[in-house]
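Working notes, structure below.
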Amino acid sequence: MGKFQVISHPLIQHKLSILRREDTSTKDFRELVNEIAMLMGYEVSRDLPLEEVEIQTPITKTVQKQLSGKKLAIVPILRAGIGMVDGFLSLVPAAKVGHIGMYRDEETLEPVEYLVKLPEDIDQRQIFVVDPMLATGGSAILAVDSLKKRGAANIKFVCLVAAPEGVKKLQDAHPDIDIYTASLDEKLNENGYIVPGLGDAGDRLFGTK
């Protein structure tokens, strides 16, 4: 069973509380998503493997540690997931970036996939699927389905806020993946939005309705 973890770092929680505010501007919202993603990227990458290498400092030769060549991929669920990409890339700039595009049918609340663009060697990579919200779980499940169909096996899902309903659905559908969030919120409302949540992350990121 994959693990579920709420990352409760004080800086993350402080920034998340500002992110949730109705009066937070588009500019500030975008910057906060980026900052929280970077802080979460630090936490979720703790188990990346290291190897020892010999290097030359200005003083002497020494054996130090570096990432052991593990290939990484960041896969945002469009469109809101785009807001989290740069935060991760600031930590691992050599990572490849894939894209999975979805929109939510407003009547059925089910996700509809319209784009899958991934690195050719996605099956060899440690994948971080990023989306600010894990609400009903439908988009996350469909994204992981798409990745697994292409041979991906090492997948982590990273979000800013999650509803219990979405967490359970994702765990039931894909019990092998790890799920990380900055907050496990109360519930979903009748419209499928997280309560208290932060509104529509895509609209708030891009200033649209």
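Positions of Cβ are set from backbone N, Cα and C atoms, glycine also.
Among Arg21, Arg46, Arg79, the residue that Swiss-Prot places alongside Arg104, Asp131, Pro132, Met133, Leu134, Ala135, Thr136, Gly137, Gly138, Ser139, Asp200 at the 5-phospho-alpha-D-ribose 1-diphosphate binding site is Arg79. A straight line from the CA of Arg79 (5-phospho-alpha-D-ribose 1-diphosphate binding site) to the CA of Gly199 (uracil binding site) spans 14 Å. Among the binding-site residues listed here, namely Ile194, Gly199, Asp200, Ala201, Ile194 has its C-alpha nearest to that of Gly137 (5-phospho-alpha-D-ribose 1-diphosphate binding site). The two recorded residues, Ser139 (5-phospho-alpha-D-ribose 1-diphosphate binding site) and Gly199 (uracil binding site), have Cα atoms 17 Å apart.
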